Every structure is written in C-alpha cells, then in structure tokens.
Amino acid sequence: MKRFTIQVPASSANIGPGFDSLGLAVNLHLNLEVTEADNWEFEHRSSLLGPVTNYEEHFIYQIAKQTAARHNKELRPCKVVETSNIPLARGLGSSSSAVLAGIEIANQLCNLSLTTEEKLQYGTDIEGHPDNIAPALYGGLVIAAITDDQETHWVRLPEIKSDIIVHIPNVELKTEKARGVLPESYSRGQAASASAVSNVLIAALLSSDYSLAGKMMEKDLFHEPYRAELIPNYHLIRNSANEYGAYGTVISGAGPTMISFVPEGAGETIANQMKKILPDYEIKALQIDQTGLKIDCG
Ligand SMILES: Nc1ncnc2c1ncn2[C@@H]1O[C@H](COP(=O)(O)OP(=O)(O)O)[C@@H](O)[C@H]1O
Ligand SMILES: N[C@@H](CCOP(=O)(O)O)C(=O)O
C-alpha cells in the first residue's frame, strides 16, 4: 500500500515587469499526505482550503487524472489529507501549487518517473504561464520562457539578499479576472520600453543592486498600470512601504496581494509598521523558499 507526502511552496509571480516569466517561491506551503485506499477521499484540515467537494470535482484530483491520462494510465484510489497556509485567489500561486501536487500524485501512483523538466512542462501546459510553476518546483527566484515550439526554458537566479513582506487583503481576485483587464497587444514602442525595464530589473538583481531593482520593479508597463485599480490600497501600500525603507513594492502575481522587497533583516520591523496602517490585512514577513517541491515516500 503506497503512502507518500508532498509539499509545494507558494509563489509570487511577475515581480513587476517579469510578467508571465519571473517568480519567487515563498515559505507558505501546501502539504498533502496521500495513502492508497479502497475509495477516493479528500480531507481538508485547514480553513483556508474551504469545504471538500466531491472527489471528481476536486481540482487536485482532476490534475492527477489528466496527468495519468497523458501516459494512458488510470489512478488507483487514495485518501488525500490536505493542509495549507497559502491563501486562495490572492496572487500567491495557490493554483500552481495545487497543479504540481496533482502532477506529483499521478507521478507517484502510476510510477511515471517524471523528470523535473516534464513536471515543469506539464504544469506550464495547464497554467498557461510558467512564472508560478517554475519557482514552486525549483525553489528560489526563477525566470522561465515558453518558446514558439512550446518548450519551457528556465534559469534559477542566485539567491537575493532581500527580505520580503506580503500584504494580503481579505478579498479574493481570480487570476482569470485580473488577466481580463490586460491589453490584447502592445505597440512595438510599448513592448520595447516594457522589456527594457524588465531587462534592467534582472541585471540589477544579478548585480545585487537592490535599490535599482526596486525602482525598476515599480516601473512595469506590462500589467501593473492596468491592474492597479483592481488592487485595494495599491498606492497607499507602495508609498508607505517605500517610506519605511522598502526597495520596491509590486502586485504579487495577479493580485490582490502586494509584495515588498526590503533590506535584509528589516522584514519584521517594516511588516509591523505596515500592520498599523492596514489593520484589516494579513501582513507577513516571509522568507524565500529555496527548496521547491518536496516528496517523501517514507
Ligand atoms: N489546494 C487546493 N486545492 C484545491 N483547489 C485549489 C487549491 N489551491 C488552489 N485551488 C484552486 O485555484 C483557485 C485559485 O486560483 P487563482 O485564481 O489562479 O489564484 P492564485 O493561484 O493566485 O491563488 C482556487 O479558487 C481553487 O479553485
Ligand atoms: N503572470 C500571471 C501570474 C498569476 O499569478 P497568481 O498567483 O495570481 O495566479 C499573471 O499575472 O496573470
């Protein structure tokens, strides 16, 4: 009888101009205990996960089934116990964490021996963009691109020396809705300016020039100007965090969470200052998760 556990971190995608390609794994986690059983059963042990649906409608079951089907296999029934401290639909990559969990369930149950590259590809096929899947899989700060042959290419950046703070409001924003406000296309001039800002952001991160990185992340032209009005307290959070010493503050993923990059060691202090301004928010100083997807087969 198989038994295994899966842990997948949350992730913060985009970091401003790295729209659909750049993301960071953070230390909030989805955990699953999977045990072969006579029937399928999902049990949610965290209030954040909401009520359990019929197993056939469960998102993670659907991903697992779809992954098994790609290899002409069927899943054997399991009991899945889920705990999570990743808030849903807040821009912290909960759906990508769930997608990777589903892929891994199929991988283990059907002995697919998937490589990490295949997991990245399958996850990206499902999500449509790799910026949450890649960091959740590899840990750290990862840049990934889907090329016109539908292959996903990626680079994990060296560790950055910055604390991070997430400002999570008590409202959901579905990624699909936040993608709906973006333009269908950009002019050559807009695309050139936007990718120039993105290029300087990456170069600044690689050079550990965090002041410049902070400036560049706030100059995004791909998505922030269109999404700002969907994000509660967008300007207040950015301006206040910067007054308290943040390098830069951007929308986390598609929002509504805002993420600040602050000097190393200053995370808790600035988070406490921000809590006074936004008492209804969940404000957390987080660490970068350097590990990514973890599987333990005991
Ligand atoms: N652990 C989970 N178990 C089941 N479904 C999940 C889980 N995590 C996320 N989901 C699904 O993903 C949706 C959120 O996805 P999305 O709108 O992309 O937001 P985000 O990925 O930013 O949290 C949830 O409403 C839910 O349907
Ligand atoms: N690049 C995507 C990222 C979505 O991240 P999520 O955590 O909000 O699902 C986008 O900006 O739409």
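Glycine residues also receive a Cβ, built from the backbone N, Cα and C atoms like all the rest.
Residues annotated as domain 'GHMP kinase N-terminal' in TrEMBL: 59-140. The feature ATP binding site is assigned by TrEMBL to PRO87, LEU88, ALA89, ARG90, GLY91, LEU92, GLY93, SER94, SER95, SER96, SER97. Here TrEMBL flags 201-277 as domain 'GHMP kinase C-terminal'.
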Around the ATP site formed by PRO87, LEU88, ALA89, ARG90, GLY91, LEU92, GLY93, SER94, SER95, SER96, SER97, list the extra residues of the same chain whose Cβ is within 8 Å of the site's Cβ centroid. ALA10, ILE86, GLY253
Of PRO87, ALA89, GLY91, GLY93, SER97, the binding-site residues listed, which put a C-beta under 6 Å from ligand 2? Please answer none if none do. GLY91, GLY93
Among the binding-site residues listed here, PRO87, GLY91, GLY93, which has the most company in the form of other Cβ atoms within 10 Å of its Cβ? GLY93
Binding-site residues compared (SER95, SER97) - highest count of Cβ atoms within 10 Å: SER97
Taking every residue in the domain 'GHMP kinase C-terminal' (201-277), the average pLDDT works out to 98
If the criterion is a C-beta within less than 6 angstroms of any ligand 1 atom, which of the binding-site residues PRO87, GLY91, GLY93, SER95 pass it? List them in sequence order. GLY91, GLY93, SER95
For PRO87 (ATP binding site), what is the secondary structure state per DSSP, taken as helix, strand or coil? coil
Report, as a single number, how many Cβ atoms besides its own are within 10 Å of the Cβ of ALA89 (ATP binding site). 19
For the domain 'GHMP kinase N-terminal' (59-140), the number of residues DSSP places in helix, strand and coil: 46 helix, 7 strand, 29 coil
Kindly report the helix/strand/coil residue split of the domain 'GHMP kinase C-terminal' (201-277) according to DSSP, in that order. 42 helix, 10 strand, 25 coil
